[in-house]
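Have a look at the structure below, then the notes.
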């Protein structure tokens, strides 16, 4: 990634593709001066995604002033690009007629994306602004489950009877009304509207008019069901390098098409969410979230962590007398727990990622468990030697060094094993392995670490 | 994500797109029986990505037996799909003539991907197997920096003079030799080979033969420079919803094209790497890595963590007398450190993600810092009350409760601030914020947590 924070001139090159800091200043100057023409001149050439970024990054009062000055900045495309929370906030304040104008510009899947999180009333109001046929398409999509292929697809499809030739397809496309903005394949259907194959536009263009479409169909052809999970769709797009794929209903009839940009979005979101969950943050945390929203995302996990930290403290409390007799134990015990927690997090991070990419299955689970145990043993042995020496030289006690060394090996092996087993078991139970594993694993390593170290010490040293 | 570990029949539905567990058993049976025909019949219908997954997931001895039985399983496409470490291992064992056959099947960008990590000798041997013009293309790509647009692009481009009509373009494509397998735009060039725009194939197909290509060019047109970082390219593809984009050299001449599947790959890799680094794992850790490789990925970070844990222990050691006088402090002190570490990790995770997506910039840094301080204060206050009560009821000491409560507020505010400031400063210094931030932040929260709690206790309680 290019350096984005640095604003030194030599770094601020064209490779950045981000928004030039100067633009922010110019926009804010125009807003402060109330100069609508200048503001329009600055924003008009920008891509909707960049305008959305700008709106996300400026202060709330500047955002209000900007939209008061030139409310057209918030058109349909910009709305589609905004962070969810900020979008909801702005949708609440937007006058109904402007909202209606904004949604009329969008394709059906973008409208679905825009309205699916709104409450019933606002959804109704927004849908009422659409032409009847588009409203029907959006309502149909909303009837599919959240995060399904049906929500993700666009209903505008380009299809052709399977017996057509290249020439017939080109003639059809030349006279076709309402073709989607972007399409990459012509989907071949049988008389009952079942998709039977597809032909990339490149193949159509590079073949003679008389060639039959059927002879040009591509191997990569795969269909999705409307109720397939969007995560599974994104996985398949990535695994099989798909560009677009038809979506079918229960009767296997063609009802829509998913394109790679939608799949890429989902893939990015799912990976980002897994990362957040591993970091103990609930939901899609973004920079434009408010203090209230941010607290809501973080407090629950901290509460769970507090409960598990108290359990670990309970283990320490069992050995109060031992610690009273040898305070060096209190000094060294966090080291064993911390090393275990880190080794567990490493193992866990790799396992969660592999479960998501379907690279950790029943077929290699046993091998991975053996590997984690072996790695835990090796790392444990290395750091056992180091800590043994620390115990010896810092506190002058060979036995204290031995105790911490043995506890280190035990905890790093347990860390490696629990780092794999906890997410696998959670996944098998239907829970999200990214969300809950961290707490379980660090609880295990804290408890095992304190218990092994203090327990051994109480037996050996006193 | 669909459940992948569970093999219960009701879960093992078609939505999974993964490999059915039964297939593994059938393949391994065929390998054990030495039944080459059966093995071929099982593997032939699979997508190369699925064969690669299968090879990655089976045990090493089974993999060897399989490839001994039917070495054609390892064709060029399968090699492209394999995990890096496993691929290198297999490339070492593959007979040269089979390797040569494998690479001849691939497009130039896939060959680059395959050979870039090999040592000089093996690279030479492999390149020698290619036809001269393809070899030249690969060598040219290898001259670009690692992780650059030049490495990512394919040199096979479809271009047309800017003055052409739709009909001229179609005639050219129909008679064109050596068109790439997949392409989505015809790139318009001026007489000096500078790209001046592009036209989507859908627009060409849906326009009359006499329409000028220039009148069909699309707004999304953006070019990359061969030395642009691949991360910046992936960012732009995602931000601006690109499908393909031309790549130019220093003289702004068209030299290649990057397509969305390459960008999607990079995006997934970068996100996965950030996730690994946040989890303290160096490099692209995958399930097929060996014990040795896995140890190499994890040991360095554990060593850094050990050093920081010893620093934290040093802080505790300053208060040995205090702890000796009141052992309850040893029981409670890990709670303050643990809560700080977790709050810091939350704040850090969100910040690292936002730096990568360019949503945390100099423009909103100050607002984000204020937000983190506020969230730390609120969460700190909530858990201060809880811990105050725990201190009071567990140890019957209101003052102990007060001390832990105050330490909690201090540490959670510091955690929130360091979670943002550490990655931002690292990024500004040119370091990877995902890699090193975790250690810094938890060191800060450990030191602050222990110091605040034990320091306050030594002043107030003794």
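Every residue gets a Cβ built from N, Cα and C, even glycine.
Taken as a whole, the domain 'CBS' (A:216-275) shows an average pLDDT of 93 in this prediction. If you look up TrEMBL, you'll see A:216-275 marked as domain 'CBS'.
What TrEMBL records for A:299-319 (among others) is transmembrane segment.
Outside the transmembrane segment (A:325-352), and at least 6 residues removed from its termini, the chain residues within Cβ reach (under 8 Å) are 274, 278, 312, 316, 319, 360, 368, 372, 375-376, 379, 383, 387, 391, 395, 397, 400, 404, 407-408, 411-412, 414-420, 422-424, 433-434, 437-438, 441-442, 444-446, 448-450, 452-454, 457, 461-462. Per TrEMBL, transmembrane segment is recorded for A:325-352 (among others).
According to TrEMBL, the transmembrane segment annotation covers A:373-396 (among others). Remote same-chain partners of the transmembrane segment (A:373-396), defined as residues 6 or more beyond its termini with a Cβ less than 8 Å from a stretch Cβ, comprise 328, 332, 335-336, 339, 343, 347, 402-406, 408-417.
Among the features that TrEMBL reports, transmembrane segment is placed at A:402-426 (among others).
The feature transmembrane segment is assigned by TrEMBL to A:438-461 (among others).
Counting residues 6+ beyond its ends, the transmembrane segment (A:438-461) has Cβ neighbours under 8 Å at 278, 280, 301, 304-305, 308-309, 311-312, 315-316, 318-319, 321-323, 326, 329, 332-333, 336-337, 339-341, 343-345, 347-348, 397, 399-400, 402-404, 406-407, 410-411, 414-415, 418-419, 422, 426 in the same chain. Long-range contacts of the transmembrane segment (A:402-426) within its own chain (CB-CB distance under 8 A, at least 6 residues past either end) are made by residues 332, 335-337, 339-348, 350-352, 355, 360, 365, 368-369, 372-373, 375-377, 379-381, 383-385, 387-388, 390-391, 432-434, 436-437, 440-441, 444-445, 448-449, 452-453, 456-457, 460-461.
In terms of DSSP helix, strand and coil, the domain 'CBS' (A:216-275) has 28 helix, 14 strand, 18 coil.
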